Protein chains: 2
Amino acid sequence: MFYLIGLGLFDEKDITLRGLETVKKCQRIYLEAYTSILLVQKEKLEELYGKEVILADREMVESSSDEILKDADNCDVAMLVVGDPMGATTHADLVIRARELKIPVRMIHNASIMNAIGACGLQLYKFGQTVSLVFFENNYRPQSFYDHIKENVSLGLHTLVLLDIKVKEQSWENLARGRKVYEPPRYMSASLAAQQMLEVEEDRQENICTPDSLCVAVGRMGSDDQVIFAGTLQELAEHDIGPPLHSVVLVGRDVHDLELEFLRAYAVNLENFDRVAKTYLEK
Amino acid sequence: MFYLIGLGLFDEKDITLRGLETVKKCQRIYLEAYTSILLVQKEKLEELYGKEVILADREMVESSSDEILKDADNCDVAMLVVGDPMGATTHADLVIRARELKIPVRMIHNASIMNAIGACGLQLYKFGQTVSLVFFENNYRPQSFYDHIKENVSLGLHTLVLLDIKVKEQSWENLARGRKVYEPPRYMSASLAAQQMLEVEEDRQENICTPDSLCVAVGRMGSDDQVIFAGTLQELAEHDIGPPLHSVVLVGRDVHDLELEFLRAYAVNLENFDRVAKTYLEK
């Protein structure tokens, strides 16, 4: 059997009892290393499981799937994934490959940012499509996220904005010389995300993510030092919510007063929050 | 401290290690009984925790919040919730009340249908707003869900349709006579959901959820006998996916071929699935 097991949001204690029980009976255990590097230490997992854990980077998951799935028709193999297993297309590919090899697959679910974001008090059913924001580079400043947010905004819905993570990046020089030397990982901050959103708004001027738009930012969701920020995009652009990972929500116009009341406890500037929140309720 | 702890999708083994550790140190433990009745048995939880678990129905959570929160500034109290704690507005109310009483609150997240639905292979970021479908009664056949689905359809997005649960219902007669006698719980089947969607389509004729619309149904998500169905709404209307709980997804027009390939393994009628899937890719 091939198991895809969600590790949840934060550390080794976020696995479920079912997940832990399953890991313990597996002959091989892989840890998807794309986002996990930051969050859980391989050594801590190994200590908890009493087993060796093999780090699998994106390259390995994408190009060596047969190695990962090897013998999984006769023994138990687990792939551990931060959050929930089906958060990334990569794992859908693995499942399809396993099926081709006639290997049975089972998923063990866990919390991910896609549902835990409800912790900020915004109702999950009122979120539209999720958008991703990449690091802007000199000549690479894609605006497609803006169009998707615009679709949500037109329906009054909230938008979860997932922020870029750069792991195993190579500098142009190292890439050109074929040197497998990697840059340190980079995680987009909520504040940079707000700046990029405001930059595109300034270019497009369609009143989608303005300096006065209400937003929420969550840092280190599910951890002991989780932080929730509520305020305007302008405030967020100037505010540091600490170490990664961060996520951002743009609040939709159809927000209820109960949602705003919940958010208010996280307002970075109460007076400004109340001023702006009022304009949302007066619509 | 007041803890809101997600129990995950299925049974007592879906709690996280962090959740279990926390429950074990709590002085009082409540179990939100609205959806959980079906899924986890109180006795099994008590056995696992080595502690008494108090059943809290919706009425109690909504009207006796101060009793639940009593002394939580001096001791540890847990409210266990099937899925993730912030799936229902009720718990937002509890958090706000706790804040008023100056009681610190912590959430321990878990999987819920809102993220685990990714198991069917449809990409989570391409889901629009979530809609709920209630049991149609003789004169009560609300169509508002259709308008929300229509908004998602117009953007090519998938729609998660949550199905009605009736717990602690009273018959008109018992209600009129003030007798606290309750009807057995009712859970809407995916098949009934499809029938209701088709009924409204027939009335509205806006080409939103037609007999040939692709959909997915999941039964008993996360359990050992989880079932995933893929096919048309007409097929689903005539198909029984077994015991509750069920959820339905209406597939959006922007579906990728990888998503369809993943779904194909669950097709109830391959030939028909391929015929209809082709029309989605030809758009």
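Note that Cβ sites are derived from N, Cα and C of the backbone, with glycine treated the same way.
Taken from Swiss-Prot, the feature S-adenosyl-L-methionine binding site applies to B:L9, B:D84, B:G87, B:S112, B:I113, B:L163, B:M221, B:H246, supported by similarity to another entry. Spatially close to B:G87 (S-adenosyl-L-methionine binding site) yet at least six residues away along the chain are B:V81, B:S112, B:M114, judged by Cβ distances under 8 angstroms. In the three-state DSSP reading, B:G87 (S-adenosyl-L-methionine binding site) counts as helix.
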Write out which of the listed binding-site residues, namely B:L9, B:D84, B:S112, B:L163, B:H246, lie with a C-beta under 8 A from a C-beta of chain A, sequence order kept, or 'none'. B:L9, B:D84, B:S112
Taking the Cβ of B:D84 (S-adenosyl-L-methionine binding site) as the reference point, list residues of the same chain whose Cβ is under 8 angstroms away and which are at least six residues distant in sequence. B:G6, B:H109, B:N110, B:A111, B:S112, B:M114
Mind giving me a neighbour count for B:H246 (S-adenosyl-L-methionine binding site)? Other Cβ atoms within 10 Å of its Cβ, every protein chain shown. 25
B:L9, B:I113, B:L163, B:M221 as binding-site residues, winner by CB count within 10 A: B:L9
So, in DSSP terms, is B:I113 (S-adenosyl-L-methionine binding site) helix, strand, or coil? helix
Secondary structure at B:L9 (S-adenosyl-L-methionine binding site), reduced by DSSP to three states: coil
Most distant Cα pair in Å, residues B:L9, B:D84, B:G87, B:S112, B:I113, B:L163, B:M221, B:H246 binding S-adenosyl-L-methionine: 17
